[in-house]
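Now, the feature entries from TrEMBL:
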| type | residues | note |
| --- | --- | --- |
| DOMAIN | 15-368 | domain 'tRNA-guanine(15) transglycosylase-like' |
| ACT_SITE | 93 | active site, proton acceptor |
| BINDING | 93, 94, 95, 96, 97, 147, 190, 217 | substrate binding site |
| REGION | 248-254 | region 'RNA binding' |
| ACT_SITE | 267 | active site, nucleophile |
| BINDING | 305, 307, 310, 336 | Zn(2+) binding site |
Ligand SMILES: [Zn+2]
């Protein structure tokens, strides 16, 4: 197994790409979807079940873990992989985005962000240097630069100032990260929905040099149309020979549109969060298991799906356990949803390798447009 972090681009079809990221903890097939394990768990799933869905890598959240149980405690207990029993690669975010969305009494300065914990009100400070230290304590395989971004829409001045601050923080993150063989540091492109600011950000990051490049500041309220407009140029501003990671995306059609535009990696809480609220994602779109139409339906969620939920349980059962507030409801729906998202990625990887992404995409949309199966 490789002792270094590397990316090998294996096929392209239009702007869509497939490849493999090699790390000492295993290979990540791209395009990759990363389930989110916020608090050292993908909620309602055992780690081996997450792996069984086809996930090669998980995302962990610096902000949550630094507050509870703390990065120092996780380091004493052998690091995040050992702590949560997940031996494959882990990517951690920098904490910057979540501080801005979750913490209380935030104060942003050139040095970093001070804030109060949403858990217990305790006071904390995150800087590029501290974020690198925390992600090292966690033992993260892919470390993200500390950054900051506005919600969209935002005015040009706000987007530009925020992007330039994030680029200064990217240099400080690079300096603090140092040289850690087998671990990668990704820079994060900012610039909102302004093409020239995205270009300026990409140039700044390329000047610093990173192992991979994220497209940040999207999926922050701008909607799919604007996101796709940005993705029509943003991936092309980044190096062709490094992985490109679109943060916080998304719904299945967002994911397909992003891959089509040259994105290699994504993460989102959607499949797991939806699973806990009675929502399933299938080839034929979204299915709400709360709905009474499922109460007597002996059919599986998706007859073609090979996940344990679809092989062993009926819609009627899924409806019942959701209504009864049983824990297995979140477990079964999360498993199916994660399986579906991974199957989607595999379908795209195969289609790109075979040079038939357009036909695959057409079929993806046509199947979804049929909507859920007819009621009995
Ligand atoms: Zn299924």
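Backbone N, Cα and C define each Cβ position, glycine as well.
Bear in mind that TrEMBL entries carry predicted annotations, made automatically and left uncurated.
Fewest Cβ neighbours within 10 Å among the binding-site residues 95, 96, 217: that distinction goes to 96. The separation of the residue listed as 'active site, proton acceptor' from residue 310 (Zn(2+) binding site), Cα to Cα, is 33 Å. Using a 10 Å radius centred on the Cβ of residue 93 (active site, proton acceptor) and all shown protein chains, the other Cβ atoms total 30. Separating the Cα atoms of residue 217 (substrate binding site) and residue 93 (active site, proton acceptor) is a whole-number distance of 13 Å. Long-range Cβ neighbours of residue 147 (substrate binding site) (same chain, at least 6 residues apart, Cβ-Cβ under 8 Å): 94, 96, 97, 166, 169, 170, 188, 190, 216. The residues near the Zn(2+) site, meaning same-chain residues not in 305, 307, 310, 336 whose C-beta sits within 8 angstroms of the mean position of the site's C-beta atoms, are 300, 301, 302, 306, 308, 309, 311, 335, 339, 340, in sequence order. Proximity to ligand 1 at the level of Cβ atoms, with a cut-off under 6 angstroms, picks out 305, 307, 310, 336 from the binding-site residues 95, 305, 307, 310, 336.
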